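Enquirer: Quick one: the structure is below, questions incoming.
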Amino acid sequence: MSRIEALPTHIKAQVLAEALPWLKQLHGKVVVVKYGGNAMTDDTLRRAFAADMAFLRNCGIHPVVVHGGGPQITAMLRRLGIEGDFKGGFRVTTPEVLDVARMVLFGQVGRELVNLINAHGPYAVGITGEDAQLFTAVRRSVTVDGVATDIGLVGDVDQVNTAAMLDLVAAGRIPVVSTLAPDADGVVHNINADTAAAAVAEALGAEKLLMLTDIDGLYTRWPDRDSLVSEIDTGTLAQLLPTLELGMVPKVEACLRAVIGGVPSAHIIDGRVTHCVLVELFTDAGTGTKVVRG
């Protein structure tokens, strides 16, 4: 018997009753989820995440999943004997590296998640920006020691084909998005998944953006455990941005972009918690940091 099955019936009923206001608020709304970290590699967490997506779909909520795959790309490059290079925290993406990224993101990571979700019903569809030009890229550079530096086939989201994406949602599908997209000349670029998730959430008019991480939420004075915040506004967060740990910066920038762009709230949540999405969306306590306009 599982721990959930062992709970008294009245406790189960109380949990469901607590979820009702949130279910009503989110019914018919789009929720964009950036999937990554431990939730993408631990088998129990992967299966729980897939079940969460199916749960949302069956509650009349429209999840859209945007996933990364940096560690998996690195592992495949090593297996193939291809040297990887990083500049300014970004992977230098040569045509050879891009071929590996496409294979891993769409052919491995995306496929695995699609299959896990579809174990619950015919819901998930794996896509990239190349499909029906769902989104396009514009090449980007990074600043290293004050100098603009080329990092190859790495882009930012330029435009999102909102109508095509919403067609999938309206058909009851769960888009599972691998962040590869062509530029204006048809040259495919790899896009940071945090950046892409924010752009998709903004374009679709999502009700929420959820960013799965491997920490409890946002710490304003890391590693001070007492500095974890449950809610923060965009003005305060923007001022805090230069002081944050490097790994948190893309996630915080994504939250800022989404909320300033019209998404009512963005959430940095602990992907190490089983069913973290349901905990954040449907309980009063939540499991991370909520970012709101302010």
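Cβ atoms here come from the backbone N, Cα and C positions, even for glycine.
Feature table excerpt (Swiss-Prot):
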BINDING   Gly69, Gly70, Arg91, Asn190  substrate binding site
SITE      Lys34  site 'Transition state stabilizer'
SITE      Lys251  site 'Transition state stabilizer'
Enquirer: Whose Cβ, among the binding-site residues Gly69, Gly70, has more other Cβ atoms within 10 Å than any of the rest?
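Expert: Sorting the candidates by Cβ neighbours within 10 Å, the top entry is Gly69.
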Enquirer: With the substrate site defined by Gly69, Gly70, Arg91, Asn190, which remaining residues of that chain have Cβ atoms positioned within 8 Å of the Cβ centroid?
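Expert: Near the substrate site, beyond Gly69, Gly70, Arg91, Asn190, sit Gly68, Ile73, Thr74, Thr93, Ala101, Val104, Leu105, Asn192, Ala193.
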Enquirer: Taking the Cβ of Arg91 (substrate binding site) as the centre, how many other Cβ atoms fall within a 10 Å radius?
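Expert: There are 21 of them.
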Enquirer: Report the member of Lys34, Lys251 (the recorded sites) whose C-beta atom has the most other C-beta atoms within 10 angstroms.
Expert: Lys34
Enquirer: Using Cβ atoms only, which residues of the same chain lie under 8 Å from Asn190 (substrate binding site) while being at least 6 residues apart in sequence?
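Expert: In sequence order, Arg91, Thr93, Leu98, Ala101, Leu105, Leu153, Val154, Gly155, Thr179, Leu180 meet the Cβ cut-off.
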